[in-house]
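Shown next, in structure tokens, is the structure this report addresses.
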Amino acid sequence: MFGRKKIKVRLAPSPTGYMHVGTAQSALYNWLFAKKNGGEFLFRIEDTDIERSTKEYEQSILEALEWLELKWDGEVVHQSKRRIHYRRALEKLITNKKAFWCNHTKEELEAERKEEEENKQPPRHICSCKSSSAFGRHYPASNPGQNFILRLAVNEQKITFNDVIRGPIEFEASLLGDFSIAKSLDEPLYNFAVVVDDAEMGITHAIRGEDHISNTPKQILIYEALGLPLPIFAHLPLILAPDRSKLSKRHGGMAVADYKKDYLPEALINFLGGLSYTFSKEIISREEMVKEFDLTKVHKSGAVFDVKKLNWLNSQYIKKLPPKEFKNLTNLNISDAAAALITERLERLMDAQEFSYLWSEPQYGKELLKWKNSGFEQVKASLSRSLEVLKAAEMSREAILAGLEKLSVELGNKGLVFWPLRVALSGKEKSPDPIDIALALGKQETIKRIEKAISLL
Ligand code: GLU
């Protein structure tokens with residue numbers, strides 16, 4: 001667009017755990033915003049915390065994004081490969097006296113914190129090393145030694161920003177103290193690396209979880225100290241458990257990879273999209289979401305993770321799956337009719353196992369064949385008559401239904417016809433209509449199963 005900066009957003013996960021649903025939702029909203037505005041969705045791995053970051057977590061995050069088909073633009077950026085950039089930025093701050101080395105010991109800082117706590121003051125360190133004489137003493141341009149860390153020289157001021165979702169937010173800089181930005185020139189701390197990266201990647205909008213709101217004032221001060229323009233900030237509401245506590249595994253808030261066995265990516269995308277945004281309809285494709293998405297309309301308050309809703313959405317997407325695709329996904333070697341019978345009724349893919357009678361002979365006790373207080377003889381007679389119907393009828397719903405209904409009238413008891421037939425075909429008390437099962441099994445298998453039930457009686 002002429003005269004306007006190209007919109008660039010990013011997902012910047014730390015590979016210190018598997019990707020959870022909150023990060024997936026951030027990815028989706030960033031992606032929607034980029035698509036809506038003809039911008040770019042970039043991807044950065046924040047792996048500066050060497051001890052807690054692993055390649056395995058990184059790989060799982062990449063796979064989760066690929067599974068959800070949230071494609072990022074360009075190469076994956078790794079913080080671990082950008083140390084030189086952080087070093088340069090740190091040196092610049094030292095040269096401009098915006099940052100200084102502090103060698104207060106752990107014990108000194110601990111004592112200070114305790115005193116602050118006792119006096120009900122905010123925990124912060126306003127550092128004496130920043131005063132000019134101390135600057136002189138502790139001001140080497142390179143790493144001075146193990147006991148030093150780099151701090152930003154923070155002046156008293158109000159820090160304000162206009163959050164796209166939450167409106168104006170104000171912080172008091174003095175509450176932060178002279179916070180640390182690096183352990184050494186080669187060990188930048190989290191907030192510092194984020195600012196250097198976002199600035200160098202040309203990020204125009206930092207859209208991220210609300211849990212990062214407390215980092216924003218620090219990041220703003222770092223931008224200002226480096227003389228860099230600020231991005232626009234937008235903090236997304238958190239995803240909560242039904243009791244509004246932090247979402248955990250217990251509530252169904254699993255790692256994204258865990259959803260793969262049960263859910264279709266489109267269903268999860270639809271669900272996550274609608275969690276913190278009101279789209280015009282409940283079942284909505286990502287393309288339709290792009291058209292409607294307006295960052296200013298993302299909800300402010302936390303969204304409750306409702307697994308029932310997710311399951312319902314999933315069932316709607318499963319219903320639309322062509323039999324072939326369903327069979328590929330579940331690795332089931334069944335007829336198209338059997339696949340359709342399952343997809344009509346499934347909430348989660350793994351539950352397809354409940355329909356195992358469609359591909360393997362059911363096991364059941366003969367007691368189950370009994371309808372209410374009928375005796376075995378009556379059941380046997382009914383099944384023998386059903387067998388005749390099934391043998392004679394053409395394999396269509398209408399033909400089988402007509403035959404079985406006629407039989408029900410003759411025997412004066414519909415249950416006595418349909419119940420034993422259901423059990424003979426499925427081995428279950430609850431199943432889809434036995435006629436649908438017969439159609440899915442085919443004539444030969446249906447006959448075989450009824451004969452087997454008769455032989456049990
Ligand atoms: N690395 C942070 C996280 O995994 C995200 C930082 C950001 O988006 O600014 O939560």
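Glycine is treated like the rest: Cβ placed from N, Cα and C.
Feature motif ''HIGH' region', per TrEMBL, maps to range 13-23 of the set 13-23, 46-56, 442-452. Your range for motif ''KMSKS' region', going by TrEMBL and the list 136-140, 141-145, 246-250, 296-300, is 246-250. Counting every protein chain shown, the Cβ of LYS249 (ATP binding site) has 10 other Cβ atoms within 10 Å.
Per DSSP, the secondary structure of the motif ''KMSKS' region' (246-250) breaks down as 2 helix, 1 strand, 2 coil.
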